[in-house]
Structures are given as C-alpha cells and as structure tokens.
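Taken straight from TrEMBL:
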BINDING   His110, His112, Glu117, His158  Mn(2+) binding site
DISULFID  Cys33-Cys48  disulfide bond
DOMAIN    62-212  domain 'Cupin type-1'
SIGNAL    1-23  signal peptide
Amino acid sequence: MASLLSFLTVAAILAFVCSPSMATDPTQLQDFCVADNTTGIFVNGFVCKNPKQVTAEDFFFAGLRQPGNTANPVGSSVTPAFVGQLPGLNTLGISAARIDFAPYGLNPPHYHPRGSEVLVVQQGSLLVGFVTSNNENKLFTKVLQQGDVFVFPQGLIHFQFNIGKTYAVAIAALSSQNPGVVTVANAVFGSNPKIDPYVLAKAFQLDLKTVQALQAKFWTNN
C-alpha cells in the first residue's frame, strides 16, 4: 500500500511538473517529421511524410524574399513561414514570418494563442508593445530601430506600428510550428456570424449604431 501511495505521489508530481509542456508543440521522436498534407487523417498537428519521400524542398521556403503587398487599410502585410508553408517545421516547435509596413502602416493588435514571438527590425523604426492580462492590463511599449529585438509573450495582445515616413520590415520568430493569430478587431467586429451588437455595445460601452457601423466594415487580414 505504501509503495502504491509513493508511486501515485510521484506520478502526480510528474504530471504537475510536465503539464506546461502540453501547452506547446509536441517534441519530435525522430530526426524529422515532415508534414504530409495529402492524407485525410486528422491529428493534433500533421502526420509524417514517408521519410524515403522527403527531399530538401520540404525544408525550404522562398516566400520571405519578396516584400508583401501593403496596399490595404492597415498598411501592412504578414508573410508567414509556418508549417503550412514549410512542411519541414512539423514537430520542431518553431516558425517565422516577415512583416512589411508602408509608411505609418500598422500590424493591428493581435495575439498568438500557441506561441511567443521574437521580433527583429530589419529596416525602419517601429513602435511596438504588448498588454498584460487582466486585471492589470499593463502596457509595455518601446520604439525599435534597425537591428533591435523585442519579445511578445505567448497569448498577449501586441502590435507593431511604423512611425517613419519610409517603408519598414521586420522578421518574427515564433515558438510554434503553427502559432495561430487572432486579430482583435477582426475577431470582435468581423466574426461570422456576427456577434449580437447589443453584446458589443455593452462590452465596449458604445451606442448600438456605432457597433453596427463597425460590424458593417469589410474586415480583412493583413
């Protein structure tokens, strides 16, 4: 009985200590597990491609070479290099993205539910920041110059704003093969189907017509 109790105690401690890792990407159990997007099997992530069919192209993505199209209402463009674009990232727990900014362009307030972000400014000057969770909702903000680095913790709302008169470029590294993104304004006012405007009017302390006008806008992802 004592040995059983000891075993259960150790198991409980291990479960508690190891539980945070369950919130991140699974660790690979072999050299690589290139994502196979051709199967109809649904798992938490992607099944592995046959290693004998893997080529160098599975670990390569040229999409960050070219600037994104910033001709949109927010003046920015995000080009992801996630597992959907780069199958070799599967199970590795990392990804990247390029963010292009027109003069005074904005990467609107958003968050990544499954990954933290490290941002490196390659060109221009960016005002960046993130807000902590309730109840403090503290803003951490900084103006970044070329070569500067800033970290956005997982799950916290953050933004990047080009404060210069010239184009700006940044590269982001993220701690998930598929970090996800939720753009706050799009999710709240551009959901499909729409959230009841009375709910939003009360939540944001706005009049109903203002909420309906915001919901009528054409919300797009950058």
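In case you wondered, yes, glycine gets a Cβ from its N, Cα and C as well.
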| How many other Cβ atoms sit within 10 Å of the Cβ of Cys33 (disulfide bond)? | 22
| On the 0 to 100 scale, where does the mean pLDDT of the domain 'Cupin type-1' (62-212) fall? | 97
| query | Relative to the mean position of the Cβ atoms of His110, His112, Glu117, His158, the recorded Mn(2+) site, which additional same-chain residues have Cβ within 8 Å? | reply | Tyr111, Phe130, Phe152, Leu156, Ile157, Pro179, Val181
| By Cα-Cα distance, the member of binding-site residues His110, Glu117, His158 nearest Cys48 (disulfide bond) | Glu117
| query | Restricting the comparison to the binding-site residues His110, His112, His158, which residue's C-alpha is spatially nearest the C-alpha of Cys33 (disulfide bond)? | reply | His112
| message | Is it possible to get the count of other C-beta atoms within 10 angstroms of the C-beta of Glu117 (Mn(2+) binding site)? | response | 24
